Amino acid sequence: MKIAMLARNPNLYSHKRLVEAAEKRGHSLDILNTTRCTVNIASHRPTISYNGETIKGYDAVIPRIGASITNYGLAVLRQFEMAGVWPLNESVAIGRSRDKLRSMQILAKYGLGLPLTAYANDPKQAEEIIKAVNGPPVVIKLLEGTQGIGVVLAETMSSAKSVIEAFRGANVNILVQEFIKEAGGTDIRALVVGGKVVAAMKRTGAADDFRSNLHRGGSAQLIKITPEERSTAVRAAKHMGLNVCGVDMLRSNHGPVIMEVNSSPGLEGIEKATEKDIAGQIIDYIAANAKAGKTKTKGQG
């Protein structure tokens, strides 16, 4: 099987592991720098060029699109889809997952556990939305942020209002969420492949940091999740339409609450914490499911 991966950095652990796992199973996997792909739009002949040459012959594509090039990356992925190449995660599902508000709206629609969340455009409504999520304290997030960037814990009404006004003054969109104190600076990352949780880890934030992202200096360890947490992760992946994703949850007093569904989860932390060959499971899933022209939109919204 011939697989393409849309990614800018071939040296990332996740990307090297996917190449290794594919080659170990007798497949070829080419890493294509997303920004060097050119989309050629013509009736009945959707093509993609890479470094000036037309791309052809791929059975599947793995999108590992960086947040900073989401729109361009999704345009390239759509072109692969229109050419009949099977995507590990579809463009419409990735687009959903990159919009935190849209993700929350979809998950809420299906009754999945979420932290109290509010969204408003007018900074004059700051106090109203802080109270709507039982704050302060509150967590304020950029809609487009990743890896814990653009996430602020505001512990007083005045600091929360100041942060909201500053973000809105910079004309960026934000969510305001309740602070789940009982989580104690830890969260759970459940990795879903093909509708099953294949691995889970507990992430703990660095000292004096409520964010548990590994990119922010947090640590990870193996954890046994509850049946409710497993079901929550599987349902989140299903309703977001994602074949592979990382579902980040907090343990609250009223059960698991979803913080984010990541459509391009890193493999290093979870493979090392669990000692599982997750890259291999992803490649096996592709080999079992990739068929030419088998692209259809899943999920709602």
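Just so it is clear, glycine is given a Cβ too, placed from its N, Cα and C backbone atoms.
Annotated domain 'ATP-grasp' per Swiss-Prot: 104-287, in sequence order. According to Swiss-Prot, the feature ATP binding site maps to K141, E178, F179, D187, R211, S212, N213, an assignment based on sequence analysis. Residues or ranges marked as Mn(2+) 1 binding site in Swiss-Prot: D248, E260. Among the features that Swiss-Prot reports, Mg(2+) 1 binding site is placed at D248, E260. The feature Mg(2+) 2 binding site is assigned by Swiss-Prot to E260, N262. Residues or ranges marked as Mn(2+) 2 binding site in Swiss-Prot: E260, N262.
Here the Cβ of K141 (ATP binding site) has 23 other Cβ atoms within 10 Å, regardless of which shown protein chain they belong to. A coil conformation is recorded for F179 (ATP binding site) in the three-state DSSP classification, outside any helix or strand. Taking D248, E260, N262 as the binding-site residues under consideration, the smallest Cα distance to K141 (ATP binding site) is found for E260.
The distance from the Cα of D187 (ATP binding site) to the Cα of N262 (Mg(2+) 2 binding site) comes to 14 Å. All protein chains shown were included, and the count of other CB atoms within 10 Å of the CB of N262 (Mg(2+) 2 binding site) stands at 19. For the pair formed by N262 (Mg(2+) 2 binding site) and D248 (Mn(2+) 1 binding site), distance between Cα atoms is given as 8 Å, rounded to the nearest Å. E178 (ATP binding site) and E260 (Mn(2+) 1 binding site) are 14 Å apart (CA-CA, integer value). The number of other CB atoms found within 10 A of the CB of F179 (ATP binding site), across every protein chain shown, is 19.
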